[in-house]
Amino acid sequence: MTESNNVHRAKKSLGQNFLQDQNICRRIVEAIAPQKSDFIIEIGPGQGALTSFIKSNNPTKFMVLELDDELASRLESKYPDIEVVRTDALKYSWESLAHLGPCKIIGNLPYNVGSKLIWDIVSQVTSLQHAVFMVQHEVALRLTATPGNKAYGGLTAWVNNFANTRYLFKVPPTVFRPRPKVDSAVVSFTPLPRSQWPANPTNLSLLIKMLFQKRRKQLSTILKKHWSEEVDLWFENEKVKPEARPETLTPQQFLGLSQCVCIKKS
Ligand code: SAM
């Protein structure tokens, strides 16, 4: 136990950097435009910095996912009417939310798992209305980068096939306790219409991972084993040169290419 005098000692392994600035908390919560009719899920409520602002909007249903047992117990005592789920958000069955109706998801995400959580949430929560996450500044840049940009990568190409991302604002280390070593930023996610979601997400994810593992190489070199007439035609129609690098393709082009190339899990 890491408690003394009822003070919680932050666990580095759980990415515990607690927000201290009420104004920043309010701005993050306002970014999901909370309504009374909402079903809101908060990931990693910690000591409740965002939780109390969300709660003050009286959402119809409010659920929080917290991995730290000690913090979960405190939240249960402080907010008896909130559903506190003691779980590792990385293992949570996001698909299971679909039958609970439209939801909004928010969180100041633990740095070490932020990208993975966002990868899963945007692609698995079919009932998502809107999400707002605080992540490492560098990850925020990746999520919102445009093709050709240094920050553009597999995460960008994947996430933007499911949602429109928007960089909202930067948050300095000084507003946390303990202070992280780097800046943070808040990003908003508005899901694309379901009709635009990839029909075969597994193949898209395999293609994105394969191409970005070799991001310095030309597309024709990486795709050599998968080349076909259909792939040739795709490059011609899209006016993409086979010598181009993966980072120059738009998220929609990754999707289009994934429909011509079948990648087998190795
Ligand atoms: N929301 C609080 C705030 O803004 O002050 C705490 C944010 S802190 C950056 C991250 C929180 O996520 C911590 O409470 C931590 O215990 C929790 N956490 C870490 N890993 C988690 C996981 N895999 N699943 C659920 N919660 C996790």
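Cβ from N, Cα, C; glycine included.
Copied from TrEMBL, the annotated features are:
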type	residues	note
BINDING	ASN17, LEU19, GLY44, GLU66, ASP88, ASN108	S-adenosyl-L-methionine binding site
DOMAIN	24-193	domain 'Ribosomal RNA adenine methylase transferase N-terminal'
Which residues does LEU19 (S-adenosyl-L-methionine binding site) neighbour through Cβ under 8 Å, counting only same-chain ones at least six apart?
CYS25, ALA49, LEU50, ASN108, VAL175, PHE176
By the count of other Cβ atoms within 10 Å, pick out the sparsest of the binding-site residues ASN17, GLY44, ASP88.
ASP88
How many other Cβ atoms sit within 10 Å of the Cβ of ASN108 (S-adenosyl-L-methionine binding site)?
28
So, in DSSP terms, is ASN17 (S-adenosyl-L-methionine binding site) helix, strand, or coil?
coil
Note down the number of other Cβ atoms within 10 Å of the Cβ of GLU66 (S-adenosyl-L-methionine binding site), including every protein chain shown.
26
Check ASP88 (S-adenosyl-L-methionine binding site) against DSSP and tell me helix, strand or coil, would you?
coil
Confidence summary for the domain 'Ribosomal RNA adenine methylase transferase N-terminal' (24-193), mean pLDDT rounded:
97
